[in-house]
Amino acid sequence: MLEIQDLKVTHGPIEAVHGIALTVAEGACVTLLGPNGAGKTSTLSAITGTARSTGLIRLAGTDISRLPVEARAKRGIAISPEGRRIFSNLTVRENLVMGAAGRRDKSAIGSDIRGWFEQFPILGERRDQPAGTLSGGEQQMLAIARALMSRPRILLLDEPSLGLAPQITARIFDIIGDLKRQGITILLVEQNATAAIELSDYVYVLNNGLISSEGPAERYGDGSALMDQITGVHG
Amino acid sequence: MDYAIQQILNALSFGAEYALIALGLAIVFSIMGLVNFAHGEVIAFGGYSMVIVGTLLTRNPFLLMGAVLLACVLVSVLLERVAFRTVRKADLTTGLLTAFGVSIILQNLFLLLGSPRPIPATQFIFLDRTITLGAVQVSSLQIYETLATAVAIGFLLFFLRRTTLGLAMRAAALDFEMVRLCGLRANRVIATAFAVSGLLAGLACIFIMARRGSVLPHMGFDPVLTAFVACVIGGFGSLPGAVLGGFLLGAVEVAVLVLLPQSYGGLAQAVVFALVALILVWRPDGILSPAREKGDKV
């Protein structure tokens, strides 16, 4: 579904990612692990088009690396970004409508929104509240639902567990597991190696802008060795 | 009693005009951080289009109103395409200087192609009649102006709450990049903002023309400056703030004129701005300034 080759990402004069390759197969959940500053978010920004990059980014066979942000979104890339970035001044419902803004089949949007309210009843209860009044976990659910409102080919998740209490984190990972079972293709960026590896089919580890190791999720066991490497804590 | 009603109507109609123009400034500012000082020239352009269309095509005032609205929308969108799109990613000062540049160029074009003297265009004067409501004599233009502004604000609210592009404009005021990530073209959202801003300028132009009956190259500059002050009082970038600031400014202006003794009439503007300064001491970001993002990562 997504194929990346020799990707280099720059922020002004600084090169954050120095040439990586990765592949996400259709229906798979692939995790990109790594410490702070390894280039994980930069990689996602290159895929969505919000950061400058060189190299090949192929979505369902076509090169999208020269397309502007909105064209990539229309072709099926959706992101729940770092920090969630929900539209806090819009209501929960309006956030979901925005998620579908690039879609042509306007008539199906209403039923999709109802579907999400069934899947996340708490969002349904608060549909007319400003999204800024939601708790962190609810905002994360909203960010994921907003991304999926576009019916994307691939869902990018940038640190969905960041800043959430452990119980809420577990709930978010449950949701991601559900999405995977529904057949949604996912590229997940995380620091929480243990939880991420459990869900994933394949894992890439990013360090200082380069992939330092990769392999099927089983190879990383429960992820505790990786967790040590990422956090620098040796237990 | 009738004196009070007249003054209230005065305040409302002053406020309505400021609010219309302030909304036009605020819509563009909220989305792209541009203080569009060329907004006044959009209004003046509406006036000149009225002269041209009124002389060449039709004297029917209602068709002329449509022409003025259309002209203002078109020129506003055109200015964005020609001048502001190129500096969209530049910083605030660059945008501000560009707006001043556009304003100066347009004023001089009006001067060269039009005339430095007022050109009469009186087709809208009929809106301004003295009518008697019971015991009170009021200006019909003031009633129209207040009502039209209320209707325009109603439509704007509907647009911003019920249409995807309207939602996108509200969302873009907070996080433009996220709107693009949702698949909406940045150019489309910004062009819409300029179109709406132009439409509001056109409406203001109709009422200004009904009062003045003539056009001048710099006729839009003073109203926009006042509307700018209204935006500052209300909280720059906030649409409710622009409306509130506009009506508040209108009310303060009329109150000062009424309460100040005749011999101090020349001080009216000074008193108005002193009060504005006091409001800013109380709320430095304006009364309804948009809430700041709390700044933490999650």
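Note that Cβ sites are derived from N, Cα and C of the backbone, with glycine treated the same way.
Record features (TrEMBL):
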{"type": "TRANSMEM", "residues": "B:18-35", "note": "transmembrane segment"}
{"type": "TRANSMEM", "residues": "B:64-84", "note": "transmembrane segment"}
{"type": "TRANSMEM", "residues": "B:96-114", "note": "transmembrane segment"}
{"type": "TRANSMEM", "residues": "B:141-160", "note": "transmembrane segment"}
{"type": "TRANSMEM", "residues": "B:189-210", "note": "transmembrane segment"}
{"type": "TRANSMEM", "residues": "B:216-236", "note": "transmembrane segment"}
{"type": "TRANSMEM", "residues": "B:266-282", "note": "transmembrane segment"}
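Within the same chain, the transmembrane segment (B:18-35) stays apart from the transmembrane segment (B:266-282): fewer than three Cβ pairs sit under 8 Å, each pair at least 6 residues apart. Proximity of distant same-chain residues to the transmembrane segment (B:141-160), defined by a Cβ-Cβ separation under 8 Å and at least 6 residues beyond the stretch ends, is recorded for 9-10, 12-13, 16-17, 19-20, 23, 127-129, 131, 166-167, 169-170, 196, 200, 203, 207, 210-211, 239, 243. Residues of the same chain lying 6 or more positions beyond the ends of the transmembrane segment (B:96-114) and with a Cβ under 8 Å from any Cβ of it are 34-38, 40-41, 44-45, 48, 51, 79, 83-84, 87, 215, 217-218, 221. Beyond the ends of the transmembrane segment (B:189-210), by six or more residues, the same chain brings 17, 20-21, 23-25, 27-28, 31-32, 36, 39, 42-44, 46-47, 50, 65, 68-77, 79-81, 84-85, 88, 121, 124-125, 127-128, 141, 144-145, 148-149, 152, 156, 159, 165, 168-169, 172, 176, 179, 219-220, 223 to within a C-beta distance below 8 angstroms of the stretch. When Cβ-Cβ distances below 8 Å are used as the criterion, the transmembrane segment (B:216-236) is approached by residues 17-19, 21-22, 24-26, 29, 35, 37, 39-44, 47, 103, 107-108, 110-111, 114, 116-118, 201, 204-205, 208, 242-246, 248-249, 273, 276, 279-280, 283, 285-290 of the same chain, each at least six residues removed from its ends.
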